[in-house]
Amino acid sequence: MALILNIDTATEYATISIAQDAVVLHTAATEEQKNHASFVQPAIEQLLQQSGYSLQQLDAVAVMAGPGSYTGLRVGLSTAKGLCYALNKPLVMVGTLEVMALAAIEAYAGKPRSNRDIIFCPMIDARRMEVFTAIYNDELQALMDPTAMILVENSFHDFASSHIIVFSGSGSSKYKTLVSNPNSVDFLDVRHSASHMATLSERAVIKGLYADLAYSEPFYLKEFFSTTQRP
Amino acid sequence: MKKNTAILAIESSCDETSAALCVDGAILSNYIANQTVHEKYGGVVPELASRAHMQNIVPVVDLALKQAGIVMNEIDAIAFTQAPGLIGSLLVGAQFAKSLALALNKPLIAVHHMQAHVLANLIGDPAPTFPFLCLTVSGGHTQIVLAKSPLELEVIGETIDDAAGEAFDKSAKLLGLPYPGGPLIDRYAKEGDPARFGFAEPQIPELNFSFSGLKTSVLYFLQAETKKDPQFIENNLKDLCASIQATIIRILMKKLKKAAQQTGVKQVCIAGGVSANSGLRSALQEYGKKFGWQVFIPAFEYCTDNAAMIAITAYHKYQAGLFSGLEVSPAARAEW
């Protein structure tokens, strides 16, 4: 039972929502990636006006933790940290790939099933043939933890033999060009919405899974190495 | 003391995360977290700087508030560095500041980093009165500013290429000194002969500067000399440092003197990270005596990037009612 502000600026499509018990009350969104920093706080103000709630009434502030655009993740987390610090509210961090997988699971729910288990593989484009990806079963348990992967034809060989893999997200079209056995895969054109994030942030609050306000970092997934490092 | 205006300021334009509390123009705290991660890369790596700001921001703001003995709901305004700087670094401070302003329902004040460097001089006691001249010298900037009032700051001269701090750091690199090399040049220069070697000095019109030619002049000189004697740099390090430093200071002081003559202003300040340089400090004192200037040098913690200067600038903007909306976003470059 929680009133949660959800902030997602992980990818080009930014969404802010206010949700009560995982039901989204109001949403604001923008597709202008360069404007996320200008968008976020006015959007929050607008949602508060629409909903009639004040920030003090929130039970938690949730932010999309990553993976995603490094800058986008920092815009979200620094916004969320500021709110949590000023309001003395707990911070919740929700994994982008998990939210994407939930959207795919829901979208796939009505589809006819074969006798093979269906698993879900959301992908975020990380330039060239690299993606950020993970694999989940239809109960959102991770079968493969989030990782940065350079796609090759056999990237999911171990899973493809016994499962049907449902790919989704901005990186999945790159894998489509590599697939050799189309019978064991499916591609889903689905975008996660505010309600998918709200579902997972509500779960985190119920379980008391809060992030450390002072030192939490975005889930970058990759260490950063500069090419100019001295010996 | 009756509390009138308490301002929390955040600075995150480059590789220092800083927060400060200012009450009625007096600085109560100025906490600065340095990022040492860049040393092994020989310069500031923007992505690493952004990552470090993200981890520093809450503890730094928290410490600044605690040191000042101010609690959150006593704050009257939130200020932050809007520009110029590294965009990824600026974003962390800006978004955090905007969230504080939103959550506390207090006005937001966007501050120009270079104007703040100039107004850092107002923190000192005694502080200059208006009008005054300020030479701002750092790794990214070299400017002469005529300050007519807190909100009337006019750039009357600036570098057309490298900053003075860059000239120090790049020369240091040519000498094989580790990053940041500027402070090392200063240290070695104290034991060297500043007149031993001569380097090209630019002929730039008006009150503007150029430092890219100096770097080339040092490079060619070192190449020629090390061809004759591979140990040339090692054997002459102190004199090289002293000569390079003297050249940079001469270039700076020549234009500062010209600015004082042209404007008739006799109060002269310095600001920016390079104002920590002992050679520049003593040159300023010397010129002051010679030309009858009253010289002001801020304490070191207010010379390098710091939030106290953002707070003092914001204090004057607050009095003038210069606030920003929550849609304001940072910029790597900015008009004055």
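Glycine is treated like the rest: Cβ placed from N, Cα and C.
As recorded in TrEMBL, the features of this protein are as follows:
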DOMAIN    B:27-311  domain 'Gcp-like'
BINDING   B:His113, B:His117, B:Asp305  Fe cation binding site
BINDING   B:Thr136, B:Val137, B:Ser138, B:Gly139, B:Gly140, B:Asp169, B:Gly182, B:Asp186, B:Asn277  substrate binding site
**Study point:** Reported mean pLDDT - the domain 'Gcp-like' (B:27-311)
**Key:** 95
Revision key, fill the gap. What remains of the binding-site residues B:Thr136, B:Gly140, B:Gly182, B:Asn277 once a 10 Å Cα-Cα cut-off to B:Asp305 (Fe cation binding site) is applied is none
Revision key, fill the gap. Whole-number Å distance separating the Cα atoms of B:Ser138 (substrate binding site) and B:His117 (Fe cation binding site) is 10
Exercise for review: Within 10 Å of the Cβ of B:His117 (Fe cation binding site), how many other Cβ atoms can you find? Include all protein chains, please.
Suggested key: 31
Practice item. Sort out the sequence-distant neighbours of B:Gly140 (substrate binding site) for me: same chain, 6+ apart, CB within less than 8 Å of its CB, listed by position. Key: B:Cys14, B:Pro84, B:Ala163, B:Gly165, B:Glu166
Review point. Rounded to a whole number, how many Å is the Cα of B:Asn277 (substrate binding site) away from the Cα of B:His113 (Fe cation binding site)?
Key: 20
Review point. What is the total of other Cβ atoms whose distance to the Cβ of B:Gly182 (substrate binding site) is within 10 Å?
Key: 26
Study note, to complete from the structure: Row B:His113 (Fe cation binding site), column other C-beta within 10 angstroms, all chains, value 23
Review point. Going by DSSP, is B:Thr136 (substrate binding site) part of a helix, a strand, or coil?
Key: strand
Review point. Relative to the mean position of the Cβ atoms of B:His113, B:His117, B:Asp305, the recorded Fe cation site, which additional same-chain residues have Cβ within 8 Å?
Key: B:Glu11, B:Ser13, B:Thr81, B:Met114, B:Ala116, B:Ala120, B:Ser138, B:Gly272, B:Asn306, B:Met309, B:Ile310
Revision key, fill the gap. Whole-Å Cα distance, B:Thr136 (substrate binding site) to B:His113 (Fe cation binding site), is 11
Revision key, fill the gap. If we take the residues B:Thr136, B:Val137, B:Ser138, B:Gly139, B:Gly140, B:Asp169, B:Gly182, B:Asp186, B:Asn277 that the record assigns to substrate, their largest CA-CA distance in Å comes out at 18
Check your understanding: Distance between B:His117 (Fe cation binding site) and B:Gly182 (substrate binding site) at the Cα atoms, whole Å?
Key -> 19
